[in-house]
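**Q** Have a look at this one before I ask anything.
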Amino acid sequence: MGPKKSTKMSLNAFLGDESFGSTNWADDIDDLPALPQDRTTSTYRATPSSADAGYNAPSSTFESVRSPPESRREGGMGSGYQRDAIPIPSEPPFTAHVGNLSFDLTENDLGDFFGEGVTSIRLVIDPLTERSRGFGYVEFETADTLSAALALSGEDLMGRPVRITVAEPRRSFAREERSTGDWVRRGPLPPAEPAESPFGKRRTNSGRFRDPARDPSDRVREEPREWVRRGPLPPRESSERPRLNLKPRSSSNVNTEATPSATTTTSSKPKRDPFGGAKPVDNTSVLQRVEEKLAKRTQSFRREDNANRERSTSRKPSADKAEKTDKTDAIAEKVSDIRLGDGEKKSSETDSEVAATKTPATEDAPATNAGEAEEEEGWTKIGKGRKH
């Protein structure tokens, strides 16, 4: 038989089984013994002359001071920056700052904690969560009640050690009233600061920096100026335009009583004419002539048009008559040709005999009679040699 298959185990089952050992390394470290370590605070101190002494000045000193065990805070927070205690004020308001409060704490709970002598309680509340932010201010009646409340610092309140200190007074931001006054400077400007190079102070041969404004080799030096007005302001010129004194054109005395100075000025500086000395021209007569010419032309055009129309109408009936006569002549010629073709065969022999016996007078008479007979029947005889 083959080897047995090993059973599979999930990761959670492996981690949860204590037979394989502890998986939390922090628990192993907590079991090891540890020596207490002293916490120290550092202070940085710089000599006042190190900023202007150059490279030869001693550098700043770094001191490490071991904090005494009495200055350590209670509650496992360790030692931190020790702020100077604010003295108890001698005048009201006597306000204490209370910190490290529970977020579920109310003003009534805080009043019960301090007891009597409390005038007002103000908890700082978060506007989003509408819960306490963990600190507040309590105002007392006298300085003695405030000092008694400071003795309660470190006491347990709802599972937290309370931290009580004297509240700092409100800072007064006194600003100048700039809405009133005449905005006039009282006195000269303060002296200007010496100009500095964009690369900082210059270094001399002695190894120290010097101010470039104090260098005697500098060419440009700024002298202090005092912006003080010497005397009153000049009067302002009127912004209004002078009014024009117009005189009537019909006054004849203006030209006669003209002063010689005025004549000299006008003669020396003649006025410019924008039209170049041109005079107005009367164009009415020219326009009338042009209109008459145009009327004559239109009349002549109308006459020629009417004559052309009359000629075209008179030519049409004569042409129609000529066409009709041409058609009738052609028809009569065809008919005569047919008749002549039939009669030539029958009377060829008789015609020759009659022609020999007939005289010229007798030949004309039957011809006329034959023509009249044909006209009565509606036929006309046309000779063979006629061409159309």
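From the backbone N, Cα and C atoms, a Cβ is placed for every residue, glycine too.
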**Q** Of Ser64, Ser261, Ser300, which does Swiss-Prot mark as phosphoserine?
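**A** The phosphoserine feature in Swiss-Prot corresponds to Ser64.
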**Q** Based on the annotations in Swiss-Prot, which residue of Ser42, Ser79, Ser238, Ser252 is described as phosphoserine?
**A** Ser252
**Q** Where Swiss-Prot marks phosphoserine, which residue is it, choosing among Ser206, Ser250, Ser312?
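**A** In Swiss-Prot, Ser250 carries the phosphoserine label; others show none in the record.
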**Q** Within 10 angstroms of the C-beta of Ser250 (phosphoserine), what count of other C-beta atoms is obtained when all protein chains are considered?
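**A** Looking across every protein chain shown, the total is 6.
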**Q** Helix, strand or coil: which one is Ser250 (phosphoserine) in, per DSSP?
**A** coil
